[in-house]
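K.L.:
Below are the structure tokens for one structure; questions will follow.
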Amino acid sequence: MLRIDSLSKRYPTGDMALKGVTLEVPDGQVMALIGPSGAGKSTLLRCINRLVEPTSGSIWLNGIDLTRLNTRELRQARRKIGMIFQEYALVERLTVMENVLSGQLGYVNFWQSWFRKFPQATIDEAFRLLDRVGLSDFPDKRADALSGGQRQRVGIARALLQNPELLLVDEPTASLDPKTSRQIMRLINELASERGLSVIINIHDVPLAQMFAQRIVGLRFGEVVYDGPPNRLTPSVLNEIYGEEDWNASGPAQDSEENEAVSAGVATH
């Protein structure tokens, strides 16, 4: 389980990116993190694995306070934190299998890493994961020949090869079409349930978050303003998170000037 207590982040400019964030994410739960740009969502993910150092507060992962670890201890702890990135972070010239196996580079010695020599058990697990994410036919295909959805599946398999306890997912569907986005979110959900993973997903697509997350946390100006189930994310709650907007509108409405311009154009033809 992940527990975050009173986490704050102040940048050297004085700007507060996070203000006393307190959360618990139990094993097996998929939590979606929503909010406007600049709300602190990406900063929160990066503070959890200490890619960004928090200013104050604590981050507990299965009984270990990550904020108190030294460099060596943090390196060990990060093995239990899988990251899935919006931009996939694949090595384009390497094959699917080589990219997946790169998730194990921190587990083997220098020479094994240098020559990319992995234990047979690790290779077998990589093949099993490729089959699980739907890429069993593409182990030797180069990453630069894959579609966006396939690349994201490689990223998921690579993260799972670490055998993580926590999965941090940053905008996994930002570059994907609606059908592929649903497939990726469904896959993440299934894997979290199968493996008992705590999952935090930073996502801008609110309807997609409501469809697949068991819990939604809304951030605004670095503070938690909503924490609850998807079905309670009403228009008034969305206004609190994002600011005033007509959340019931079905599409863009033309203002009176646009309508007048259209009418004038029709009249002249």
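Even glycines carry a Cβ here, placed using N, Cα and C.
Pulled these from Swiss-Prot:
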type	residues	note
DOMAIN	2-246	domain 'ABC transporter'
BINDING	Gly35, Pro36, Ser37, Gly38, Ala39, Gly40, Lys41, Ser42	ATP binding site
REGION	246-269	region 'Disordered'
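Help me see these features in their spatial surroundings.
P.N.:
Contacts of Ser42 (ATP binding site) defined by a Cβ separation under 8 A and a same-chain sequence distance of 6+ are given as Asp170, Asn202, in order along the sequence.
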K.L.:
Can you list, in sequence order, the residues of the same chain other than Gly35, Pro36, Ser37, Gly38, Ala39, Gly40, Lys41, Ser42 whose CB lies within 8 Å of the CB centroid of the ATP site?
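P.N.:
So the extra residues in range turn out to be Thr43, Leu219.
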K.L.:
Among all the protein chains here, how many other CB atoms are within 10 A of the CB of Ser37 (ATP binding site)?
P.N.:
7
K.L.:
Counting only residues 6+ away in sequence within the same chain, which have a CB under 8 Å from the CB of Lys41 (ATP binding site)?
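P.N.:
Those within reach of Lys41 (ATP binding site), by Cβ under 8 Å and sequence separation of 6 or more, are Leu33, Ile34, Gly35, Asn202, Leu219.
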K.L.:
Using DSSP with the three-state reduction, classify Ser37 (ATP binding site) as helix, strand or coil.
P.N.:
coil
